[in-house]
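Reading through the structure tokens given below for one structure.
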Amino acid sequence: IMLYLFTLKLTGKKSVAFLATLFLISSVPALIYFRTARYVGLPILLTILLLYSYITIFEKKNWKPWPLIVISILYFHIMYVACAGIILGTLIHFYINRKSTTPENYKRIAQAAIVTAIFTLPWLWFNFPVFAKITEFYLSTSDRVDISGWRFLKNLTGFLFQLNNYIFPFILLPLLFMRSLRPYKNEMLLCLCCITGLIFVSLLHSIPLQQYIAGSFPLWYILLALVII
């Protein structure tokens, strides 16, 4: 339901919203993550909620930052890497479109960033010693874990392979430049910025598990719906 509402608000087209939602609810990887007892399915929902709150910044009325703050903090403490990737994408998108928001809303986004940082960055500081042990754990469980500089390229290849096979056929990417989709170039830019940010941050993981980039699923399905419609 939230993906339908978000896509409808983002694109203004019910057909795109319906198709994107249909893709998500019929996605085997997404269904598996939603059925698990772990947290891996939550980033899919939190990505939608975070971006829904974010795009209201560009409305001409006064923006209320608290929904974005609460969702960002919750997202961070559930899966901090995915949260960092999505926020990185939104910051890039906001910088590109910074002149499209009102001066008051521009100030409020800075305030939201400060409050969010207060409730998230200290956690990284106190838990930084734990991060090294995560790699040690993976190394102790498998001899296939690569900690060399090549791991970033290997992880990128692994992520792209999984996305192409299960989520979005990359052969359709050139269709995003169709003339009929030019009215949605800013909406597609938001999706692509967040997808790129999430994949970039996820490269830091020791293993390219698909669950790390699950938060990008709804964004891929929005792009796929735009291409098909």
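Cβ coordinates come from backbone N, Cα and C, glycine included.
TrEMBL annotations: computationally assigned, not manually curated.
The transmembrane segment annotation in TrEMBL covers 15-34 (among others).
Annotation comment: TrEMBL describes 39-57 (among others) as transmembrane segment. Counting only same-chain residues 6+ beyond the ends of the transmembrane segment (39-57), those with a CB under 8 A from a CB of the stretch are 2-3, 5-6, 9-10, 24, 30, 33, 63-64, 67-68, 71-72, 74-75, 78-79, 82-83, 86-87, 90, 94, 101, 105, 108-109, 190, 194, 211, 214-219.
Annotation source TrEMBL lists transmembrane segment at 69-96 (among others).
Sequence annotations record features per position, and here TrEMBL assigns transmembrane segment to 108-126 (among others). Outside the transmembrane segment (108-126), and at least 6 residues removed from its termini, the chain residues within Cβ reach (under 8 Å) are 57, 62-63, 65, 68-69, 72-73, 76-77, 80, 94, 101.
Positions annotated as transmembrane segment by TrEMBL: 159-177 (among others).
Taken from TrEMBL, the feature transmembrane segment applies to 189-206 (among others). Long-range contacts of the transmembrane segment (189-206) within its own chain (CB-CB distance under 8 A, at least 6 residues past either end) are made by residues 10, 47, 51, 55, 81-82, 84-90, 92-93, 96, 134-135, 138-139, 145-147, 151-152, 155-156, 159, 212-213, 215-216, 219-220, 222-223.
Here TrEMBL flags 212-228 (among others) as transmembrane segment.
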Query raised in the report: Other than its close neighbours in sequence, what residues sit by the transmembrane segment (159-177), given a CB gap under 8 Å and a spacing of at least six beyond its ends?
Result: 27-29, 188, 199, 202-203, 208, 210, 212-213, 216-217, 220-221, 223-224, 226-227
**Report entry** Intrachain neighbours beyond the transmembrane segment (15-34), with Cβ under 8 angstroms and 6 or more residues off its ends
**Finding:** 1, 3-5, 7-8, 40-41, 44, 166-167, 210-211, 214, 217-218, 221-222, 224-226, 228-229
Requested in this report: Grab the same-chain neighbours of the transmembrane segment (212-228) for me: Cβ-Cβ under 8 Å, and only residues 6 or more beyond its ends, written as numbers and ranges.
Outcome: 3, 6-7, 10-11, 15-17, 19-21, 23-24, 27, 29-30, 33, 40-41, 43-44, 46-48, 79, 81-82, 85-86, 159, 162-163, 167-168, 172, 175-176, 178, 181, 184, 187-188, 191-192, 194-195, 198-199, 202, 205
